[in-house]
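Student: Here it is: the structure, laid out below.
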Amino acid sequence: MKNNKMGLNETWSMAVGAMIGGGIFSVLGVIIVRAGNLAWLSFLISGLIALATAISYSNLTNKFEEGGGAFTYIKDINHEGLAGGLSWLLILGYILSISVYAFTFGQYLENLLGFGPWFPRLISVIIISLFMAFNIKGAGEASWIEVITVWGKLIILLAIAIIGLWNFKPEMLVIEGLKQQSTFFNAVTGAATIFLAYQGFQLITYDYQEIHKPDQTIKKAEIMAIIAVIFVYILVDFGIVNLVSPELINQEKEVVIAIAGQRILGTAGLIIASIAALFSTGSAINSTVFATARLANKIAGDGELPHFLASKNNNNVPARAIFSISLISAILAIIGSLSSLVEAASFIFLITFAIVNFIAFTEINKNKFISLAGGIGAVTAALILTVQLINTKPFILLAMFILIIVVTAGRKVFYNKK
């Protein structure tokens, strides 16, 4: 690394950490229950949409040569109204992600300590508050910490996967207890449901100025990170279904990786896997809070968010943005369920990534087919998720649309008062 800027290793680690940090620990049990033996296909489909989107993101970042992600791209092509509205929606998606990570953190800790169903929500608030304070003090962006934690998580996850596959037999790909839900349709709907597991790679585009040779590093890091994460997710899925019974997966879907650890090494395995989950979701909370606050600070500076979010404290961090984001995340973690939060966040990111892909298709002269495929894939997944929610969780869908309307209307009211 040169001039204290992040090189390929650090940038790749941040992208992997942002995805795996909350992704696999939050959604693995949910997707196995949804898609059964074809959960691996759900991870592959989502991963391919994410890969196309990453190529679009990196091409657009290189074209405009600045951080800010989707907000910057849309603003730079003179669609400020759409940029402002989408930025509010994107921040909501990140807030929902933080809620998912915090809720998952609480579930794993409760499974370890056994204090009762009230405990995860309390811990969600506490852990968000701790990382809020950590970030406000300006201690939230040490890239070397991310490198260490990412490799630690990868080692533990791959160990679980390898042990689970050690006595692999072809018939294990068709676990009897998972046959009923193992349909291609469920795999596709599952892919839409768990798209949250791949959000995070785009966070490195917000750190454009902090990356060494960003025009080369960002694209390499994003593509390599997503391919690595697809590989890890599929391996872990295969390993888990060989270690944990379908009945137990269904009962303990929120903490299935800890259960797998227990099957391998007993209490020691339970503790090791739980600690990995706690560190992983904790680092995901930390990095997402910081990146979202930085994004909100930039957008507020451009006049698309309330001006008080544009200020920074004596540590040169956007303290007010950090506090606001943390507060809303804590509230959602208290009132939401894991599956509803995952689905809501996935829906918002699918919309955002579809727009980014279509912008890349119109603005960039290379990789047009990839951008078009990514856009169509994201739109299709969002529509499938909508139909799925209409049939299974209409109230969740209604709440999600109310949130989107509130965010959109709030932005319009704010803009009209400027």
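Here the Cβ of each residue, glycine as well, is placed from N, Cα and C on the backbone.
Sharing the feature lines straight out of TrEMBL:
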type     : residues : note
TRANSMEM : 12-33    : transmembrane segment
TRANSMEM : 39-60    : transmembrane segment
TRANSMEM : 81-106   : transmembrane segment
TRANSMEM : 118-136  : transmembrane segment
TRANSMEM : 148-168  : transmembrane segment
TRANSMEM : 183-201  : transmembrane segment
TRANSMEM : 222-244  : transmembrane segment
TRANSMEM : 264-285  : transmembrane segment
TRANSMEM : 321-338  : transmembrane segment
TRANSMEM : 344-362  : transmembrane segment
TRANSMEM : 369-390  : transmembrane segment
TRANSMEM : 396-414  : transmembrane segment
Student: Can at least 3 Cβ pairs under 8 A be found between the transmembrane segment (321-338) and the transmembrane segment (222-244), with each pair 6 or more apart in sequence?
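Tutor: They do not touch: fewer than three Cβ pairs between the two stretches lie under 8 Å.
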Student: Take the transmembrane segment (222-244) and find every residue of the same chain, 6 or more past its ends, with a Cβ under 8 Å from one of its Cβ atoms.
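Tutor: For the transmembrane segment (222-244), the sequence-distant neighbours (Cβ-Cβ under 8 Å, at least 6 residues beyond its ends) are 12, 15-16, 19-20, 23-24, 28, 31-32, 37, 39-40, 43-44, 47-48, 50-51, 54-55, 57-58, 154, 157-158, 160-165, 167-168, 172-173, 175, 178, 197-198, 201-202, 204, 252, 256-257, 259-260, 263-264.
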Student: Cβ under 8 Å, sequence separation of at least 6 from the ends of the transmembrane segment (118-136): give me the contacting residues as numbers and ranges.
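Tutor: Contacts with the transmembrane segment (118-136): 98-99, 102-103, 105-107, 109-110, 282, 285-286, 289-290, 293, 313, 315, 317, 319, 322-323, 326, 329-330, 333-334.
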Student: Same chain, outside the transmembrane segment (148-168) by at least 6, Cβ under 8 Å from its Cβ: which residues?
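Tutor: Here the qualifying positions are 13-14, 16-17, 20-21, 24, 232, 235-236, 238-243, 257, 260-261, 264, 272-273, 276, 279-280, 283.
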Student: Counting Cβ pairs under 8 Å that sit 6 or more residues apart, are there three or more between the transmembrane segment (81-106) and the transmembrane segment (369-390)?
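Tutor: No, the stretches stay apart by this measure.
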Student: Rank 12-33, 264-285, 344-362, 369-390 by Cβ pairs under 8 Å to the transmembrane segment (39-60) and hand me the top one.
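Tutor: Ranking 12-33, 264-285, 344-362, 369-390 by Cβ pairs under 8 Å to the transmembrane segment (39-60) puts 369-390 first.
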